Amino acid sequence: MAMAASSALQPERCLLPLAGPRRRHQALRVLPPRLPVLPHRRRGAVTRFSSREGGGGSAGAVEKRSVVPEVAAERKGGGDVEEEEEGVTAVAGPLELRWPPWEGLPERYRLIGATSLAFVICNMDKVNLSVAIIPMSHQYGWSSSTAGLVQSSFFWGYALSQLPGGWLAKLIGGRTVLKAGVLVWSLSTAVIPVVAGFMPGLVLSRILVGIGEGVSPSAATDLIARTIPLQERSRAVSVVFGGLAFGSVLGLLFAPPIIQNLGWESVFYIFGLLGIIWCLVFESVQELQPGDKEDISNLENTSAGSNGQVSSSVPSKSSDSSLEEITDSLKDVPWGEFFKSKAVWAMIYTHFCGSWGHYTCLSWLPTFFSEELNLNLTDAAWVSILPPLGSMVITSIAAPFADNLISSGVDTTKVRKICQAIAFLSPAAFMMLSSVDLGLPPWVVVAFLTGGISLSNFALSGLYCTHQDISREYASILLGITNTVGAVPGIVGVALVGYLVDTTHSWSMSLFAPSIFFYLTGTAVWLTFASSEPQDFNKLASESLTEGNQ
């Protein structure tokens with residue numbers, strides 16, 4: 001009987017009388033039948049909830065006012081209740097301003113967006129020197145070999161930080177590592193004008209910029225592997241690493257006018273400040289918690305590999321790891337099994353080949369356009385914007401292309417091979433056309449290089465997704481391994497191009513011929529040995545240990 005009476009009273013709790021002289025002509029307002037009773041809050045307190053069903057946006061935000069004070073007052077006979085505490089559910093209007101603007105988005109999307117923004121700033125700080133090196137060389141009397149040395153010093157730190165960055169991302173989480181990396185490279189960028197006249201200091205500052213930016217790819221890979229399901233992975237990787245192309249565009253767009261109007265020193269101060277601001281804003285983006293049921297369930301439901309194999313589980317991270325735990329974690333990494341895998345070796349060499357073409361072009365194209373095509377600083381920088389701008393367009397095409405193929409049932413390995421082949425064969429073909437003396441006008445050469453470099457961004461849906469495909473648990477470490485080798489062209493290749501330009505006076509032999517060679521050989525290795533099949537490296541290590549003990 002008591003239960004029946006309680007059930008009968010439930011609908012009545014959804015009706016709130018609008019008592020008081022100002023409401024006697026108003027009708028009752030009806031709340032949703034299953035509206036949960038909110039905990040007690042101080043009067044006038046407003047709580048915002050984000051509706052995930054709509055995927056975010058302004059229509060997904062709902063404002064709820066506490067109903068407890070009003071109900072309690074009525075039960076105690078407290079008389080009229082102020083209108084401000086009326087228990088209603090009001091949907092936010094379309095004109096309501098919200099801050100921050102990403103309120104209502106799932107946490108994994110916020111993390112991906114913030115990480116992409118970090119990569120935008122990353123390449124802004126990377127390409128600013130490729131523009132500033134021209135007036136700096138004139139001021140300090142540097143030759144092309146010296147300028148190449150200065151630019152290549154970035155990659156010394158970049159190479160040194162890859163494996164430590166991947167390991168730290170696995171140990172304490174990519175979020176912490178990314179934030180530390182942005183802070184290091186931003187502060188190091190800001191001090192470059194102070195030490196520019198002292199070559200060891202300038203080289204050291206660029207090495208620190210490389211260290212800060214070097215940990216970022218592994219940190220981002222860790223975030224993607226832990227928060228993004230397979231069907232969304234190509235898009236997530238493209239959004240994050242596509243920030244590099246957008247950063248190149250912004251850097252090459254704003255660096256020349258800043259240098260011409262404020263001096264070359266100012267570009268380092270301004271770009272360095274942007275990274276520091278990012279670190280402060282990043283604090284408002286919450287880390288993905290177990291309570292974020294939609295994000296976690298989406299990832300868990302899609303943890304199976306391309307053939308239904310379940311990839312390795314990803315343990316939670318703690319930033320309070322002791323020294324002993326850190327040492328044990330380093331020992332537990334199955335390093336030997338990584339290098340027994342043909343797929344890992346294919347990723348290593350392919351990463352090296354792609355980096356050779358990317359880093360040498362990124363560092364030397366502004367100078368090539370200036371000297372070979374006789375463009376001034378501003379025009380050379382504007383033309384240099386075209387390849388990364390085209391890269392952004394290609395990235396928006398390649399990512400859904402790859403994800404749709406995988407969703408339609410095409411084998412993941414086959415999709416990664418197709419995308420990577422496009423990424424390598426396209427720039428190789430266009431560089432061949434640009435390097436041969438066909439009497440082409442400058443704008444045709446620019447168009448060829450823009451098309452080739454832009455299509456190379458298919459690699460974001462090829463090589464750069466394979467680390468997560470074969471092992472979610474060790475994705476950051478695997479990227480650290482391949483990126484370490486991939487940083488070598490930045491050290492050797494960038495400096496070598498400067499040396500060859502001084503000795504051969506031929507951009508075709510110095511810049512294009514080596515890149516064409518690596519693009520072609522990289523394609524052959526990738527198509528032969530690459531694989532996206534999930535691999536349980538821990539299990540393989542255990543089996544090897546068992547066989548060794550027998």
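Residue 1 is the first one shown; counting continues down the chain.
The backbone N, Cα and C atoms fix where each Cβ goes, and this holds for glycine too.
Unlike curated entries, TrEMBL annotations are predicted automatically.
Because the structure is a prediction, the values reported are computed rather than measured.
If you check TrEMBL, you get these features:
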- 111-533: domain 'Major facilitator superfamily (MFS) profile' (DOMAIN)
- 182-204: transmembrane segment (TRANSMEM)
- 236-255: transmembrane segment (TRANSMEM)
- 267-285: transmembrane segment (TRANSMEM)
- 296-321: region 'Disordered' (REGION)
- 311-321: compositional bias 'Low complexity' (COMPBIAS)
- 344-365: transmembrane segment (TRANSMEM)
- 385-406: transmembrane segment (TRANSMEM)
- 418-436: transmembrane segment (TRANSMEM)
- 442-465: transmembrane segment (TRANSMEM)
- 477-501: transmembrane segment (TRANSMEM)
- 507-529: transmembrane segment (TRANSMEM)
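Per-residue pLDDT, averaged across the domain 'Major facilitator superfamily (MFS) profile' (111-533), gives 84. A contact links the transmembrane segment (236-255) to the transmembrane segment (385-406), because at least 3 Cβ pairs that are 6 or more residues apart lie under 8 A. For the transmembrane segment (442-465), the residues of the chain that approach it from at least six positions outside its boundaries are 233-234, 237-238, 241-242, 245, 347, 350-351, 354, 357-358, 361, 365, 369, 373, 375, 383, 386-388, 390-391, 393-395, 398-399, 401-403, 415-424, 426-431, 433-434, 482, 526, 532, judged by C-beta separation under 8 angstroms.
Scored on C-beta pairs under 8 angstroms, the neighbour of the transmembrane segment (344-365) with the top count among 385-406, 418-436, 507-529 is 507-529.
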